[in-house]
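Trainee: Sending over a structure as structure tokens; questions will come in a sec.
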């Protein structure tokens, strides 16, 4: 019997030809006419909570498995939302307000990745596990938020996604449907499929360089991206505060604060272009 990961990879590979044609419309996959642009590597970057920690974004989960003194099951699962939507909305309202405080700003690591995108243009793609918007605020534009976005909400009936910067209450409804439905945070909860997976696996199959930054290596499917990239011949790099659970999979490794190791590595990479 296939595992969930096995089913996902099987489905991806069956649709590979169709996906390749569709994904060429994304800037990461589009071939350029200018010869020198073709010589630049395709770089896929994965970021996790470690890149935003120095900006003041807390990583939520503590050593005891609690998120801000709440059980994960209560605030980060569909079942928890069904049981107590008011508690779940209050939890994410607090996170949303924190993200918009003036002291929360992109740090040197975010800015370095924006600089890397500027240099690589169409051949750069950023996949983040983070639900904040610090990459966009730093200047990155080609970003896949595989775990959703804190400053958006989703209609629980139609799935339509809406920009939302204020608090959400149980009384707030989506009016995109024939019958107004409750709004929920546009966040991937435990037990739900991450977003953009077909695009991500396609990008992994085409990347020349795969870089993981600030990730723990605990959470799948993201923890398996390095293995997938290696299967397709990508050079793999880990930039982290300490070795991740899958650190031995990487060909190149640098450890230290993200605001230090990421800019240093980006400069090294740019020198080689």
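From the backbone N, Cα and C atoms, a Cβ is placed for every residue, glycine too.
Pasting the relevant annotations from Swiss-Prot:
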ACT_SITE  147  active site, proton acceptor
BINDING   48-67, 129-132, 214-216, 240-242, 258  NAD(+) binding site
BINDING   92, 95  substrate binding site
BINDING   155, 174  Zn(2+) binding site
DOMAIN    20-272  domain 'Deacetylase sirtuin-type'
Trainee: Rounded to a whole angstrom, what is the C-alpha distance between residue 95 (substrate binding site) and residue 174 (Zn(2+) binding site)?
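Mentor: One finds 21 Å between the Cα atoms of these residues.
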Trainee: Round to the nearest Å and give the CA-to-CA distance linking residue 174 (Zn(2+) binding site) with residue 214 (NAD(+) binding site).
Mentor: 35
Trainee: I need the nearest neighbour of residue 155 (Zn(2+) binding site) among the binding-site residues 48, 52, 56, 129, 241, using C-alpha distances.
Mentor: 129
Trainee: In the structure shown, which of the binding-site residues 52, 129 has the fewest other Cβ atoms within 10 Å?
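Mentor: Comparing Cβ neighbour counts within 10 Å for the binding-site residues 52, 129 gives 129.
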Trainee: To the nearest whole angstrom, state the Cα distance for the pair residue 241 (NAD(+) binding site) and residue 147 (active site, proton acceptor).
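Mentor: That comes out at 22 Å between the alpha carbons.
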Trainee: How many neighbouring Cβ atoms, not counting its own, are there within 10 Å of the Cβ of residue 48 (NAD(+) binding site)?
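Mentor: For residue 48 (NAD(+) binding site), the count of other Cβ atoms within 10 Å is 25.
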Trainee: Do you know offhand how many angstrom separate residue 92 (substrate binding site) and residue 48 (NAD(+) binding site) by C-alpha?
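Mentor: Residue 48 (NAD(+) binding site) has its Cα 18 Å from the Cα of residue 92 (substrate binding site).
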Trainee: Whole-number Å only: compute the distance from the Cα of residue 52 (NAD(+) binding site) to the Cα of residue 147 (active site, proton acceptor).
Mentor: 15
Trainee: What three-state class does DSSP give residue 147 (active site, proton acceptor)?
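Mentor: Going by the DSSP assignment, residue 147 (active site, proton acceptor) belongs to neither helix nor strand, so it counts as coil.
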Trainee: Relative to the Cβ of residue 56 (NAD(+) binding site), which residues of the same chain, six or more apart in sequence, are found under 8 Å away?
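Mentor: Long-range Cβ contacts: 101, 103, 104.
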